[in-house]
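Student: Before I ask anything, here is the structure I am working with.
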Amino acid sequence: MAGRQSGWSQAALLQFLLGMCLMVMPPIQARSLRFVTLLYRHGDRSPVKAYPKDPYQEEKWPQGFGQLTKEGMLQHWELGQALRQRYHGFLNASYHRQEVYVRSTDFDRTLMSAEANLAGLFPPTEVQHFNPNISWQPIPVHTVPITEDRLLKFPLGPCPRYEQLQNETRQTPEYQNMSIQNAQFLDMVANETGLMNLTLETIWNVYDTLFCEQTHGLLLPPWASPQTVQALSQLKDFSFLFLFGIHDQVQKARLQGGVLLAQILKNLTLMATTSQFPKLLVYSAHDTTLVALQMALNVYNGKQAPYASCHIFELYQEDNGNFSVEMYFRNDSKKAPWPLTLPGCPHRCPLQDFLRLTEPVIPKDWQKECQLASDTADTEVIVALAVCGSILFLLIVLLLTVLFRMQAQPPGYHHVADREDHA
């Protein structure tokens with residue numbers, strides 16, 4: 001009986017000690033989402049331009065060329081709804097201005113896409129309704145003039161070094177072979193469209209126009225057969241590779257997509273060291289923006305980013321306090337976002353590894369790296385000459401000042417004290 005009581009007392013003591021340990025031990029922090037960056041393409045739009053023989057000119061489109069359509073508005077509203085569901089519990093259910101910052105390129109279609117997206121992401125709560133009959137609230141979208149945009153409008157320029165890389169790309173076997181293989185096809189398309197000097201780099205305009213017209217139920221001309229449109233689509237994808245790859249992809253990335261990636265990484269690093277807002281940073285831009293970024297990350301799938309597609313960066317704080325980055329690409333509204341893996345890192349990539357692996361494509365000084373080698377040398381010589389000239393000028397001025405003062409002194413001048421000493 002005494003042994004049983006002793007056993008019970010030992011068990012009670014162990015339970016008591018365990019409870020005390022749990023009370024004094026710091027709680028284990030669960031893995032948590034800390035920050036999200038989104039880059040999405042605008043929604044469905046009208047063609048950017050028509051070709052000379054196009055039966056559908058600008059007056060065919062309600063708002064003219066390059067404008068967001070009702071379909072595009074709906075695509076982004078639905079994306080906003082999907083994001084609202086994905087980040088339920090992370091973002092406030094109602095719009096809170098300190099949680100969200102949105103920047104767009106200065107195009108009607110990207111600005112309107114961002115607004116439609118925000119309408120789906122943050123429908124007004126009862127207290128936010130300014131009119132009971134309108135289920136919408138204004139949310140700010142920021143932008144800069146196109147001529148000043150050095151973040152989202154690609155390709156970035158002017159950049160002589162990038163243009164030099166493009167000229168080198170035109171001399172590669174891949175580009176040359178593609179030109180030879182498609183020479184007759186390009187001539188045929190040029191003849192049917194009335195376009196002059198059609199190249200691998202400009203053919204995408206023809207595909208884009210036909211794609212927009214076909215998407216909106218317009219009858220294509222007889223020459224634009226399914227086989228022709230498919231061939232145009234393949235050349236259009238090649239034009240994206242030409243812009244950001246094929247030749248010296250890392251150097252191109254430093255001058256193009258790496259600029260945007262640098263800003264994204266700067267924001268991720270900042271959010272890992274502070275609890276400041278915002279929680280969500282959104283960029284509304286173009287297919288070229290997405291391709292430039294994904295080529296810099298080396299995760300591009302070789303296909304044009306569809307309307308309202310969205311590249312997602314999620315910053316997590318792990319239960320051990322460290323930070324990790326996960327990437328996703330939503331390019332199909334009927335499927336969950338596709339996980340993207342940075343080469344050399346698992347999908348849940350530690351932030352420090354993410355920064356290290358992307359360092360080769362991050363420019364140190366974009367303006368300087370954009371200069372040609374001869375321009376850089378000339379600039380250094382000019383600066384050196386300017387410095388030497390300035391120093392020489394100052395020495396001459398100083399010398400002239402001394403000489404002037406010496407000549408200004410009267411020749412018979414003596415101190416009074418001297419006169420008294422020799423009286």
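Every residue gets a Cβ built from N, Cα and C, even glycine.
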Student: Identify the disulfide partner of Cys159 as annotated in Swiss-Prot; candidates are Cys349, Cys370.
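Tutor: Swiss-Prot lists the disulfide between Cys159 and Cys370.
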Student: For the glycosylation sites Asn133, Asn197, Asn331, which Cβ has the most other Cβ atoms within 10 Å, all shown protein chains included?
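Tutor: By the 10 Å Cβ neighbour count, Asn331 comes out on top.
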Student: Taking the Cβ of His42 (active site, nucleophile) as reference, which residues of that chain separated by at least 6 in sequence fall under 8 Å from it?
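Tutor: Same-chain residues close to His42 (active site, nucleophile) (Cβ under 8 Å, separated by 6 or more) are Leu68, Gly72, His76, Phe107, Arg109, Thr110, Met112, Ser113, Ser284, Ala285, His286, Tyr307, Ala308.
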Student: Take the topological domain 'Cytoplasmic' (402-423) and average the pLDDT across it for me.
Tutor: 48
Student: Once the DSSP letters are reduced so that anything not helix or strand counts as coil, what is Asn267 (N-linked glycosylation site)?
Tutor: helix
Student: Rounded to a whole number, how many Å is the Cα of Asn133 (N-linked glycosylation site) away from the Cα of Asn197 (N-linked glycosylation site)?
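Tutor: Between the alpha carbons of Asn133 (N-linked glycosylation site) and Asn197 (N-linked glycosylation site) there are 54 Å.
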Student: Say you check the Cα of Asn177 (N-linked glycosylation site) against those of the glycosylation sites Asn92, Asn267, Asn322, Asn331; which is nearest?
Tutor: Asn331
Student: How many other Cβ atoms are found within 10 Å of the Cβ atom of Asn167 (N-linked glycosylation site), counting all protein chains shown?
Tutor: 10
